[in-house]
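Enquirer: Marked as active site, proton donor by Swiss-Prot on the basis of sequence analysis: Asp299. Per Swiss-Prot, the feature [4Fe-4S] cluster binding site maps to Asp36; the stated evidence is sequence analysis. Residues or ranges marked as substrate binding site in Swiss-Prot: Gly434, Met435.
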Amino acid sequence: MKLAYWMYAGPAHIGTLRVASSFKNVHAIMHAPLGDDYFNVMRSMLERERDFTPVTASIVDRHVLARGSQEKVVDNIMRKDKEECPDLIVLTPTCTSSILQEDLQNFVDRASISVNSDVILADVNHYRVNELQAADRTLEQIVRYYLDKARRQGKLNQSITDVPSANIIGIFTLGFHNQHDCRELKRLLKDLGIKINQVIPEGGFVEDLEKLPKAWFNLIPYREVGLMTAIYLEKEFGMPYVSITPMGIADIVQCIRQIQKRVNTWTHFLLNQKLDYELYIDQQTRFISQAAWFSRSIDCQNLTGKKAVVFGDATHASSMTKILAQEMGIRVSCAGTYCKHDAEWFEEQVQGFCDEILITDDHTQVGDTIARIEPSAIFGTQMERHIGKRLDIPCGVISSPVHIQNFPLGYRPFLGYEGTNQIADLVYNSFTLGMEDHLLEIFGGHDTKEVITKSLSTDNDLTWNSESQLELNKIPGFVRGKIKRNTERFARQNGITGITVEVMYAAKEALNA
């Protein structure tokens, strides 16, 4: 457990709740004290959905501490079963309630006898794993539970579909542009003649999980969630998977070729033919995606050699690093991730594409690195956006955790060919470019001497003495800039070159007159 005012990945129970609330007709019960139950508020605020968050908090209070939790937890499970009639109820403790060392599995077993829903306890060590690892583990646990159940009941049909099909695994609630990415992946697979078998967990039903083995292969767009499930399905049912994230032209090509390889394993026998996607890749790269020609344009060449820092989850940070270095000629001074559990893979991916690698979940270390490097732009999470504002460095957000502005209503995927256009726009708009650079250097803004920047003065003919600077600093930040501009404007109009406290008050009086 760690006390911090900013965490890149939250506690384990948040990951479990994200997976549970992504499925349709699944209810989660969180065994937690007040304070750990913020998930409902967070999801309701951020996700653009009309449905209520299907999570109930079974609060650990003084009565529970005195008598134990069994009665309360079992009552909550039975009540929710009666009210909501869910297919599955997932019970999860939090790292705080885990301190009580109660046998929650026993509570689940007892409740299961009296309810119609399936009930499982999230099999997660809340002290050892973070939000993303817990989400990955919970998804695998739910998939395993329902496939084992179907096998026991003799309902498991392992015959594959007549036409090429895929499962998309790892799209879930509160993910970074996940809904948009999912639409783009569906479009990509449709173009390749591949049917969607299942998308899990987002929008899926647990009763349909028994159909997962019917697909020809599994597509895992994000390493953080879905990989454990794919490995389990490969081991148990021999299902191949593709885990190359189709983000950026080069990786989209690699992903499509990997899909072609997986599909041709079966088409050779079932359809007596082999599929070739090279023409599709060529058409999309040259004529559909704007990013390929944009990266060769004079606009993009202005970015060549500019420094950038990239930080985020392993999937997005590694892909973004390769896009900047390979496709846009931007120098990535530092690439980093907060996914310490996936450090080895991340280092392998970005090796040779950046000057240094940073593996940390400490935001102060990231801030210090950015301040030391002084890049032209940052590509990171919401925290890097805050750091950028403090250091006056533009920041493009490319990874969770994010705030409301990165849950857009419009269509903004980061994956697939449309995703390449979005990324090109984001990169280009994040840098201060061309003539803008010169104007800022010469005038501190546009071509007028009347513009005042954040520094104390843009002109050498105006100087603030120590008393006036001290007085200015006493003024609250949200109006300080306005007062400074008004004072300097008054000084220029009256031919004053040295600003004193008296000048400040004279400017105030003149403005109020």
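Using N, Cα and C of the backbone, Cβ positions are placed for all residues, glycine too.
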Enquirer: Compute the C-alpha separation of Asp299 (active site, proton donor) from Asp36 ([4Fe-4S] cluster binding site), stating it in Å without decimals.
Expert: 48
Enquirer: Counting every protein chain present, what is the number of Cβ atoms, excluding its own, within 10 Å of the Cβ of the residue listed as '[4Fe-4S] cluster binding site'?
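Expert: Taking every protein chain into account, the count is 20.
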Enquirer: Relative to the Cβ position of the residue listed as 'active site, proton donor', how many further Cβ atoms are located within 10 Å?
Expert: 13
Enquirer: Give the three-state DSSP assignment (helix, strand or coil) for the residue listed as 'active site, proton donor'.
Expert: helix
